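Colleague: Below, the features straight out of Swiss-Prot:
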BINDING   THR85, ASP87, GLU100, GLN119  Mg(2+) binding site
SITE      LYS102  site 'Transition state stabilizer'
Amino acid sequence: MVNYPHNLIRQKVSSVQKQTKQNKVDFANRGMSFEAAINATNDYYLSRQIAVIHKKPTPVQIVKVDYPKRSRAKIVEAYFRQASTTDYCGVYKGHYVDFEAKETRQKTAMPMKNFHLHQIEHMACVLHQKGICFVLLHFSTLKETYYLPAQALISFYQIDNGSKSMPIDYIRKNGFKVAFGAFPQVPYLNIIEQNFLGGDYN
């Protein structure tokens with residue numbers, strides 16, 4: 001585990017949030033993982049020229065490779081070249097979009113150990129440059145997904161440096177429920193369109 005210096009200060013969330021209606025369609029019932037559903041959603045947006053959003057590659061340094069068979073190589077040792085920031089980034093209607101996706105089986109909270117300081121700092125930098133930054137939080141047991149603006153995540157993290165889990169009530173109050181769909185499966189751009197581009201979220 002890598003420790004990073006902390007230089008963020010506490011902030012207070014003072015925003016008005018809305019929730020969208022929930023649809024009963026669930027990608028998990030179709031055998032898809034949360035990440036696969038997001039990737040399929042991004043493919044849908046790309047194929048219809050709605051947005052260009054991709055999963056960021058993780059830079060890895062391969063150290064050792066075994067060859068159990070001549071036609072097959074097995075990586076047995078590798079290291080991350082640098083700390084990752086967020087999972088996805090791209091552009092939508094001229095706006096830079098950057099977000100992280102997390103999943104938990106817990107019913108009452110999202111573990112903050114899933115978030116690292118360098119990710120929080122990266123999100124703060126994106127917001128400083130007026131980018132659209134958020135996290136998609138999926139509660140697999142509840143079959144509920146939420147769009148939480150990055151500022152709400154940052155503010156909660158700064159209370160105790162991310163040592164406590166984030167209650168689902170906080171997420172529901174400060175975020176937006178994402179209505180599952182067939183195409184796309186996780187229509188998070190609807191949240192952006194309705195509440196950030198021409199909406200009343202500040």
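Just so it is clear, glycine is given a Cβ too, placed from its N, Cα and C backbone atoms.
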Colleague: In the same chain, which residues outside the set THR85, ASP87, GLU100, GLN119 have their CB within 8 A of the centroid of the CB atoms that define the Mg(2+) site?
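Modeller: Sorted by sequence, the hits are LYS56, SER84, THR86, ASP98, PHE99, HIS122, MET123.
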Colleague: Cβ-Cβ under 8 Å from THR85 (Mg(2+) binding site), same chain, 6 or more residues apart: which ones?
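Modeller: Listed in sequence order, they are LYS56, HIS118, GLN119, HIS122.
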Colleague: Translate the DSSP assignment of ASP87 (Mg(2+) binding site) into the three-state scheme.
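Modeller: Once the DSSP labels are grouped into three classes, ASP87 (Mg(2+) binding site) ends up as coil.
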Colleague: For ASP87 (Mg(2+) binding site), list the number of other Cβ atoms lying within 10 Å of its Cβ atom.
Modeller: 19
Colleague: For LYS102 (site 'Transition state stabilizer'), what is the secondary structure state per DSSP, taken as helix, strand or coil?
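Modeller: Its secondary structure by DSSP: strand.
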Colleague: Out of GLU100, LYS102, GLN119, which of these recorded positions shows the lowest number of other CB atoms within 10 Å of its CB?
Modeller: LYS102
Colleague: In whole Å, how far does the CA atom of LYS102 (site 'Transition state stabilizer') lie from that of ASP87 (Mg(2+) binding site)?
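Modeller: Cα-Cα, rounded: 10 Å.
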